[in-house]
């Protein structure tokens, strides 16, 4: 039943875009960000050469320069608010996100977000005067957001893509929280969020190298689900099929290939131990979100005062960044974002019939009235498999019965466009 799932070969359009990503541009952006001395959220904001204010203004100017090639499709705003005294915020401070929006040409109401944070820190999270280059954490992610903005400014995505450099991450995810809250309060349909944080090095603290892998951290059962829904998810074995994990599977399917030169290693966790990231506020807001992070971290080069002790160099210095690796991570992000944007939206109200004891699987969903949707595809895998292994195109219908036991498989349904692009799968709940 069905056929083996085959990862789609990247089309010429995606190949052309990812080839535009320049390691030299990545290096130039990171070098400039490091030159501001510190980008600590609490650092000064009235200088043109030093502190987070200088970094903010330079990022915004560059983004606006890119927008000049967009024929009006890209807009750039500096989204700011004053954060009152709070955890890691000893005095009121203005937190600013630089947000570039490439408006979709056909479905502008469907939105995808990619972020990197441009603030930095040293050992003491409250030290806002010492130099904090933050070359890897997270000038690397910011550089990817900016490089993608440069490239996408010249394209016409079907859906809207937001590329943001956010602040306040090191103090408590404040900038990303404000961005996610703003989108949520305006009822924006964000169908996917990618967070790039610490994506600049291919070498770990023991010298281990893996220059062709990026980790994708994906949360299990969503924290926003009610107790009733969470209990039902566990009852039916859906703990590994959260929207975040479907997004991670999608990224692995479309962006782990010879064009990007990368493997996407899905990690079934919200984040690393003792760490957090800007995807979390988006998850809390109910949006599918994942975090990309390099495979082997060197903690001597994160959150450290600049110093040398016993021959060991500490600090997040630019000399430890692998620009070619960072560019490849950018290719993964671009391939994922573009594939999401060009595919139809995810199917709605996907359910599985569990009212009778039998060995069939009956699935239902709402048929989209969009002419961009050509059909729907059912995908499935064994309960112990990480990725989808089988697929069956069932046409543009709203239900299907398969002679496969729902007890033995995990099922999903995804939309297929007239352009053959496929959405992330949606896991069915009983209904």
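Cβ coordinates are placed from backbone N, Cα and C, and glycine is handled just like the others.
Residues 240, 310 are shown; Swiss-Prot lists N-linked glycosylation site for one of them, 310.
In the three-state DSSP scheme, residue 359 (N-linked glycosylation site) falls into the coil class. Taking a C-beta cut-off of under 8 angstroms and a sequence separation of 6 or more, residue 170 (Zn(2+) 2 binding site) has the following same-chain neighbours: 40, 41, 88, 117, 119, 120, 121, 125, 303.
In the domain 'Fibronectin type-III' (344-431), the DSSP tally of helix, strand and coil residues is 0 helix, 44 strand, 44 coil. In sequence order, 53 are the residues of the chain that are 6 or more apart from residue 46 (N-linked glycosylation site) and have a CB within less than 8 Å of its CB. When secondary structure is read from DSSP and collapsed to three states, residue 185 (N-linked glycosylation site) falls in the helix class. Neighbour count (other Cβ atoms within 10 Å of the Cβ, all protein chains): 9 for residue 258 (N-linked glycosylation site). Taking the mean position of the Cβ atoms of 117, 137, 197 as the Zn(2+) 1 site, the remaining same-chain residues with a Cβ inside 8 Å of that point are 116, 134, 138, 140, 141, 142, 169, 170, 196, 198, 277, 278.
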